[in-house]
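A short write-up of the structure that comes next.
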Amino acid sequence: MIKLEKRPQPSKAWTYLTPLLAVALTMVVGGALFAGLGKDPVVAIKTIFWEPLFSEFAFYYRPQLLVKGAPLVLIAIGLSLGFRAGIWNIGAEGQYIMGAIIGAGVGLAFYPMEAFYIFPLMVIAGAFGGWIWAMIPAFLKVRFGTNEILVSLMLVYVAEQLLASASLGLLRNPDGHGFPGSRNLRDYASAHNGDLIANTGMHWGVVAALIAVIFAYVLLNRHMLGFHIRLTGEAPRAAKFAGVNPSRLILICLGASGALAGVAGLFEVSGPAGQVSIDFNVGYGFTAIIVAFLGRLHPVGILLAGALMALTYIGGEIAQSKLGLPAAAIQLFQGMLLFFLLTVDVLTNFRIRLAKREVA
Amino acid sequence: MTGTLLKLNGLTKAYPGVVANNNVSFEIGKGEVHALLGENGAGKSTLVKMIYGLVKPNSGSMVMNGEDYAPVKPSAARQAGVAMVFQHFSLFDALNVAENIALGMENPPKMRDLAARIKEVSETYGLPLDPFRTVGDLSAGERQRVEIIRCLLQDPKLLIMDEPTSVLTPQEVDILFETLRKLSAEGTAILYISHKLEEIRTLCDNATILRLGEVVGDCVPRETTARDMAEMMVGSKLHVPERTGGDIGPVLLELNDLSVASPAEFGTALKGISMEVRSGEILGIGGVAGNGQDELLGALSGELLTKAGTIVLEGDDVSQMGPVGRRKLGLLTAPEERLGHAAAPDMSLIENAVLTGSVREGLEKNGFLKWGKARNFAETIIEKFDVRTPGPGNAARSLSGGNLQKFVIGREVLQRPDVLVVNQPTWGVDAAAAADIRQSLLDLAAAGAAIICISQDLDELMEISDHFAALNEGRLSDIRPSKGLTVDEIGLMMGGAHGMEVAHV
């Protein structure tokens, strides 16, 4: 009989080991899944994890790693602040879209003027777009006690409709022969978020993601606000006793995660994506939830998890094109990662004991 | 009153890392009132759980009425004639008495027959109870009656009672004891678990004393002093707190007609509480649990804001101020619930030191935390209050209840408060640690602080407080000097018998 026994305090070692174990389990079960689809599991796993980094074409894939990883890390850092405090922003995807629309909108409003301040203004507008979208669930929760999970999630679908509307109407390229989508910001130097060093994938979003990691680390470990965030998540009553104002914390956490998702959207739309289009969003806002948990809600962990997730994205695409694996199988593979992480998580707080049956 | 009812032979139960019971043997005679005495964590609960079939012993055996007795589950224990009244009641507020009792039976009779039986049993044993009253309207004492009657309907040979008087006023205790004596006279044995020594001396025929899972002695309580029993429980000489007698100074905290609704669903609203506490004074506030203690602490800590002017601290109106502001001004509090309220279970002691200490101990500057200073503060608490832990980096939940309580009280006391409010400062704490905590409160008062000690332990309040008042349904009784108060007077201040009829035996 297997028994779970609560540890007197969470195991430090397992806190770090569980993500690795989860990755290993995902490889094993994912491999079985690929085998079931008639592919060689070893080749498939190798394609996903190895090819993007060390293959012949790695020079092309490596910059992609930064391009995919940056928005994931940026969004996940913001989400992790709220998750730490038990405030569940599930709608980062919507905030990401709103940041992109409003940020790109500000940039396009200046077209075709060239000025150094346009891009900074777009970044601020992007942050504002995400922030205001997150303020809706925050305000409703503080004022009426609504559930932020539902409200923020629903607002994703509203944002998607606004995105469609913007790319078909308000922001549509006047010189685009009636095709949906805005002007391409790549052709507008003042608004373009290009590679800082050519062909490295290193754009402003990557810089922002790294700054966010450092900032979150300092906040959580050295600052009173970070302490209050952690305290609220661990023991809400003790937090109240310590003097934390829960409403203020909700506004701060949802606001911060919204703003970070918003700038992530702006960096994407002004750089890798280039334009506001109907299918601009690809689910970074949802995948970032996995990244946040995979990284143990720890800033450095999120950085590593973001890199890993980006790897599976790119590797997954290679596997699709080279091995003909269905896209759904790749998504399943990524979902497994979170599933196994949550499953083996139990080991941090419990130890497994093979107990003999108790003597009667 | 002859013959052995239950004999325990070398019962041992080990949990990983701790031996809860080691080779425990004793006998309970028919009709005997047998006390099981021990500090928290001495293994009393595990032992009765084995008798009641909730836990299986690793080794050892039990003999009931000359036959082997090894209950595999509580229903088997009940079959054998063992009944138990738990410390925490398991009753549904929305159902009436008879329905609650029927729920616990395997084959409940028709409601009308059951009600008749409840009436009959309750009258026989001097526990009047209307079977059709809703449990939600009953007082704690009456709820306990429901539990007792539920047991008596099984016609038990052995009745186990776990800390039955912790929810009762002294008058209600008297009624209960009458019933227990009558049961005992009829041949029902009673295993009475408690750490209240005076009660055991009045009620019990024999006592078995447990310490760290082992039987360390037995005695006839009537012939043993409470002090001797306490020392057997603790295993060492007991240090009795002494007061050095500071001067009573000016009023530091004033409550003016404080009324506030409870934030909890089944909480008790505070109604028109007025009082003042002076420098050097300890005000003891007694009362049965659930009469507004948590709400009073919340109103004083700043978790619960009240109408302007209701709380005045050294001339400043703090009624609308949050916990941080009050701490800055010198009003500190220590809530009853250690894990999750006074301390965050999974956070280290250093982090828990920051929890309330950040303002007064200067553990932050411009919002940035000074971890080095926080560690020093945590280490000081650990050293000065003799908190047993490998180090300040350990999680709060890894500490035993008593050690964590010492940490929580120490954290507030070392911040040199002007006014300190504590709720149940020694609840679940062993006698030696409790004495240390009480001594620290006395010392703090002697140094000029005003202290409000909310507690359900009357002995504790009589030992340390200068004035005494009781909370009853959210109202505060008159405040009277503790010296010279009789148990009867205290009982009446706590609400008397809450309108319960006295046993007619």
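Just so you know, glycine gets a Cβ as well, placed from its N, Cα and C.
Database features, via TrEMBL:
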{"type": "TRANSMEM", "residues": "A:13-37", "note": "transmembrane segment"}
{"type": "TRANSMEM", "residues": "A:65-83", "note": "transmembrane segment"}
{"type": "TRANSMEM", "residues": "A:95-111", "note": "transmembrane segment"}
{"type": "TRANSMEM", "residues": "A:117-140", "note": "transmembrane segment"}
{"type": "TRANSMEM", "residues": "A:149-171", "note": "transmembrane segment"}
{"type": "TRANSMEM", "residues": "A:202-220", "note": "transmembrane segment"}
{"type": "TRANSMEM", "residues": "A:249-267", "note": "transmembrane segment"}
{"type": "TRANSMEM", "residues": "A:273-294", "note": "transmembrane segment"}
{"type": "TRANSMEM", "residues": "A:301-319", "note": "transmembrane segment"}
{"type": "TRANSMEM", "residues": "A:325-347", "note": "transmembrane segment"}
Between the transmembrane segment (A:95-111) and the transmembrane segment (A:149-171), are there three or more C-beta pairs closer than 8 Å, counting only pairs 6 or more apart along the chain?
yes
Within the same chain, where does the transmembrane segment (A:65-83) have neighbours whose Cβ lies under 8 angstroms from its own Cβ atoms, ignoring anything closer than 6 residues to its ends? I mean 6 or more beyond.
52-53, 89, 92, 96, 200-203, 205-206, 208-209, 212-213, 216, 219-220, 229, 233, 253-254, 256-261, 263-265, 267-268, 271-272, 284-285, 287-289, 291-293, 295, 297-299, 302-303, 305-307, 309-311, 313-314
Range from A:13-37, A:117-140, A:202-220, A:249-267, A:273-294 with the greatest count of C-beta pairs under 8 A to the transmembrane segment (A:149-171):
A:273-294
Cβ contacts under 8 Å made by the transmembrane segment (A:202-220) with residues that lie 6+ beyond its boundaries:
63, 66-67, 69-71, 73-74, 77-78, 80-81, 84, 119, 123, 193-196, 226, 229-230, 260, 263-264, 267-268, 271-272, 299-300, 302-303, 306
Using a Cβ cut-off of under 8 Å, list the residues of the same chain at least 6 residues beyond the transmembrane segment (A:249-267) that approach it.
70-71, 74-75, 77-79, 81-82, 85, 87, 89, 92-93, 95-104, 122-123, 125-135, 137-139, 141-142, 148, 152, 193, 203-205, 208, 212, 225, 228-229, 232, 281, 284-285, 288
